[in-house]
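> Pasting the relevant annotations from TrEMBL:
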- 7-27: transmembrane segment (TRANSMEM)
- 39-58: transmembrane segment (TRANSMEM)
- 70-93: transmembrane segment (TRANSMEM)
- 105-125: transmembrane segment (TRANSMEM)
- 132-153: transmembrane segment (TRANSMEM)
- 165-185: transmembrane segment (TRANSMEM)
- 206-225: transmembrane segment (TRANSMEM)
- 231-252: transmembrane segment (TRANSMEM)
- 284-305: transmembrane segment (TRANSMEM)
Amino acid sequence: MKVGKVRIDAFLTGMVLAIILAALFPTPGVHGGFLHPELLTKLGIALIFFLNGAMLSFHALKDGVLRWRLHLIIQVATFVLFPVIGLVFLAVAGRWISPDLQLGFFYLCALPSTVSSSVAMTSAARGNVPVAVFNATISSLIGIVVTPLWMSLLLKTSGHHLDVAGVFIDLFKWMVLPMIIGQVLRRWIGAWLHRRKKLAQTADRGTILLLVYTSFCDSFALNIWSSTNLIVMLSVIAATLVLFFGVLLLLWKLCDLGGIAPAFRSAVVFCGTKKSLATGVPMASLIFAGHASGLGLILLPIMIYHPLQLLICTPLASRWAKEAQA
């Protein structure tokens with residue numbers, strides 16, 4: 001993806017193809033199917049977070065750690081502002097939305113920020129990269145705890161139950177523990193992985209695409225999508241756009257009121273508005289493990305939000321880069 005040109009990258013194309021494959025050939029990826037997704041997804045999640053741990057440099061975080069006011073704004077936007085907006089939206093419009101899409105929209109709001117694209121966009125906008133690196137990384141770690149807690153709260157208020165203890169055990173086994181192992185082994189394999197960054201990225205993204213495929217197989221096999229028409233899709237797109245621009249404008253105004261310099265403003269806006277598909281897909285497989293048939297609909301909002309945030313932020317980063325050079 002090049003800044004200055006709005007271009008769909010191979011990952012987004014792969015995401016669309018994974019969904020099409022799930023629609024055409026759902027049988028291998030359903031629970032109990034040939035691919036055994038009940039085990040394959042967990043192994044895939046472990047691989048993703050092992051690679052993340054092995055390539056994560058905590059030394060790269062130290063330059064941004066002291067900007068506590070910026071960190072507070074970004075993390076509050078990610079884990080408080082977004083979910084509160086989501087709750088308000090569901091209170092107003094929930095009656096017209098299917099239960100799975102309600103879960104999906106709030107799940108989008110409760111997710112952590114991205115790492116790679118937040119840092120890439122901040123860098124492209126000539127912003128403060130250490131602040132972006134620190135917040136994007138910390139957001140991913142906080143999200144492992146906070147996202148399931150938000151989902152538990154929503155399900156509890158709607159009369160449902162989420163086994164939070166069981167979810168946290170699964171998150172620890174398949175996300176936290178592999179990340180710790182990767183970090184421990186980093187001194188031996190970190191440099192090797194960085195020299196083969198494209199290979200590691202291909203393995204990471206390929207695994208996510210496999211999870212996308214298996215996540216949609218059950219819903220297609222059970223014909224869940226028959227009730228999802230064009231109006232529903234357009235409504236989800238409209239809701240995600242309103243959500244994105246609403247938070248973006250609020251953060252921009254807050255930066256104005258706080259007198260935050262342009263170099264830091266881009267980090268605040270990009271880290272504070274983005275939501276992580278790379279974390280959202282594997283985490284959903286664990287949080288909603290008992291609801292495989294609805295997983296496709298639950299993931300729909302984040303899968304729409306992901307390309308939209310890239311398409312909107314790319315020209316924005318280009319514009320801010322030109323302003324920084326002027």
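Placement of Cβ uses the backbone N, Cα and C atoms for every residue, glycine included.
Bear in mind that the values here come from a model prediction, so they are computed numbers and not experimental data.
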> Between the stretches 39-58, 132-153, 231-252, which wins on the count of C-beta pairs under 8 angstroms to the transmembrane segment (206-225)?
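Highest pair count goes to 39-58.
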> Out of 70-93, 105-125, 132-153, 284-305, which stretch has the largest tally of CB pairs under 8 angstroms to the transmembrane segment (39-58)?
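The stretch with the most contacts is 284-305.
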> Do the transmembrane segment (70-93) and the transmembrane segment (231-252) share at least 3 Cβ pairs closer than 8 Å, excluding pairs fewer than 6 residues apart in sequence?
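Contact confirmed: at least 3 Cβ pairs fall under 8 Å.
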> So are the transmembrane segment (231-252) and the transmembrane segment (165-185) touching or not, going by 3+ C-beta pairs under 8 A with a sequence gap of 6 or more?
no
> Thinking of Cβ pairs under 8 Å, which stretch from 105-125, 132-153, 165-185 has the most of them with the transmembrane segment (284-305)?
105-125
